[in-house]
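Asker: I have a structure here, written as structure tokens, and I will follow up with some questions on it.
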């Protein structure tokens, strides 16, 4: 053997490594079988193992050829030079395998590069190397000379450690004229060898006889064993004790208590006196274990239990007993006691769990084997018959594969999110009475699979963002939960890309993949994009990944970032100023011109008001401008003191915070009456255009009066009843003037398609009252009137907890806070009913909010109604409220009678400017605001002040 082989084979770790590699790697194909006789000398040739395995001799050392054995590994060795398997040390078959019929040495041949494992079995052939052996080499017999012929003397037979023919024994007795040897042919356990007296003894001729019993096996060469018999011939006691039966068969229950009588032996002796007195004992060849378990009474012959009787250890006892008399010499009688141990159920079953496959995937199919379970019970018959069962309410079952072996299999689908692990209790119960049982617990862990998609708390979220936000501002955070575990629950977020107009959604917003935070990437413009609706996808990290979507509705709230824009006028002079010719003979109330303006914003930010700008120290101007109409009219009769040329500056202001303004210039030339035809020719154009607008407005007034008829009738009736108790009577007819106006905060600017005409309460119908409803759907006007009437008749304290719902707040681009809300009084000392004012912020902590009723026509430009003081102007005793609200419209209508000198300034009605629809046009107007102010003038419509 080479040094390399010696190095790997004589170190302890070499064997361990070889066994490990044997267990891991797939063995080579085929199996070699050799045979070698036992007791072969060192170096005995066994086989050319390298050649038989197909290995070259030159590759044995480089490939680390080595041999491992689970048995004694030093018995055989391989010469790495020639590849021959040879005997390395003494092989004793009896020591190696005992009396087993088959005896083999199993070798594992291992080579590396690549790793291969070969199985080699070497059969050890038995040789006749063990002679027959008697229990004793000498035996003394005492035979009376008076012994009758044909007596039998029992002899213990020999035993041979070999097997097969090598252990087949034949017996021969040395030549004797008195004795012969009788060899039993059947039932060796019952009948031992018998030495037969064939001729009466004559003590006087031979007092002693020496015979040799020779046992010869069947091997080649034959081996023998001898038993020397020393026979003493006695003179008297010629009758040996005799048992009534040669074989006694007894049944004994296991676990019998000590002292339990097993059997009482009965032997008789025909002799008299001491020759007939019998003593009982176990035979000399009884094992120490038998003597420790049983006790025989020498006088009575009773055999009693003296130790533990265990069926599982020994189920049959074979005891040789003898009876000897007190003669001289004593005579012996022999018998055999066969004690059969009866089993009782004294052993509980044992459960062994093997091949546990954990964890179990939650999507494992039904029938998947989880574990192999074996049970055993050392008892016999029904006491050893074991049945197994499982704890209830588990998705598993036991399937019997073969006797005492079960498979724990999946019986129904698993769901880790419902139950992550199971504690399965296996119960094994035998068939004894009473039955014994044992339990074993198997913990089954359920491994997660990606079977749950991330889920959002809501399918849709509504978000409000002010326009002109800084880039990168955090808008909202979406959160999705995943019921899975580990990476299957790791959620990432992304946008569902789409186009918004001509641009991609990702140019507007982005979402953080891990946190779900949504950011606005650029400033949003309410005028360009009021609603940005998109979807966010949440995906987990499982394979395959699962995901779900959530919809985000981002409403862009309006800010006052657009100044009012003047609309062009038909007669624009140099420098963009509007030129008008007015005869000096015209009376008070004559409309000179009208300034028109629009605001691209919405809501409160688009509510416009008009006012004249006067120079400091200037005389009282004969002109005024309608606060909400933009109409420039004459306040008194013109005289010679008035300058012939009047330059009027009209300031147009919205009501945003801060307010934005625009200025219009109107040049008014006063002409004499004889120049009126010329002036009329210059003004004829606008008057003709106004007449056409009057016709249109008449229809609008009729339409809105029809829609609001119920409300108007209610208001007229209520006002008539209230006015009858006041010093100054107010009616809605031509007799008593009733002023209908808005508060001093301005007008709404909406597209002209939304304007409606309403009827004023003073004189004949006019065309200067314009009321607007924020996107009121058709057919809802009468319902609003009914609600207003109920409030008048049965005032109630409002609920301060009313709030907008999220859907109504979604479109609040801005809201209007009318600080001068009217208070309706019932009379002196009567209860006050505060009317709701339109507000976007309620500074008073006690103020409440109320959502408009469903179906009231409120769209994204919704109002927030506030019940509270609102800093109102208190009315004196007996006075009517200053203003009230037309339902469905942001206009505040005043029904309070004012002195004649104040009616001029408070009889203006609101107008609405045209809202720009595109961002491109708004930016153009913002960039050229100063130039547009000069280019745009006033235009006169049919509307005139009241």
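Yeah, the Cβs are placed from backbone N, Cα and C, and that goes for glycine too.
Just so it is clear, the model here is predicted, and its values are computed rather than measured.
So Swiss-Prot says this about it:
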- 31-134: domain 'Cadherin 1' (DOMAIN)
- 135-243: domain 'Cadherin 2' (DOMAIN)
- 244-351: domain 'Cadherin 3' (DOMAIN)
- 352-456: domain 'Cadherin 4' (DOMAIN)
- 457-566: domain 'Cadherin 5' (DOMAIN)
- 582-679: domain 'Cadherin 6' (DOMAIN)
- 734-890: region '6 X 4 AA repeats of P-X-X-P' (REGION)
- 795-798: repeat 'PXXP 3' (REPEAT)
- 826-852: region 'Disordered' (REGION)
- 865-946: region 'Disordered' (REGION)
Asker: For the domain 'Cadherin 6' (582-679), give the DSSP counts of helix residues, strand residues and coil residues.
Answerer: 11 helix, 42 strand, 45 coil
Asker: To the domain 'Cadherin 6' (582-679), which of 31-134, 135-243, 244-351, 352-456, 457-566 is linked by the most Cβ pairs under 8 Å?
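Answerer: The stretch with the most contacts is 457-566.
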Asker: With DSSP helix as H/G/I and strand as E/B, how many residues of the domain 'Cadherin 3' (244-351) fall in helix, strand and coil?
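Answerer: Taking the domain 'Cadherin 3' (244-351) as a whole: 10 helix, 48 strand, 50 coil.
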Asker: How does the model score the domain 'Cadherin 5' (457-566) in terms of mean pLDDT?
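Answerer: A mean pLDDT of 94 is what the predicted model shows over the domain 'Cadherin 5' (457-566).
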Asker: Can you break down the domain 'Cadherin 4' (352-456) into helix, strand and coil residue counts using DSSP?
Answerer: 4 helix, 54 strand, 47 coil
Asker: Give the residue counts of the domain 'Cadherin 1' (31-134) per reduced DSSP state, in the order helix, strand, coil.
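Answerer: Helix/strand/coil tally for the domain 'Cadherin 1' (31-134): 12 helix, 41 strand, 51 coil.
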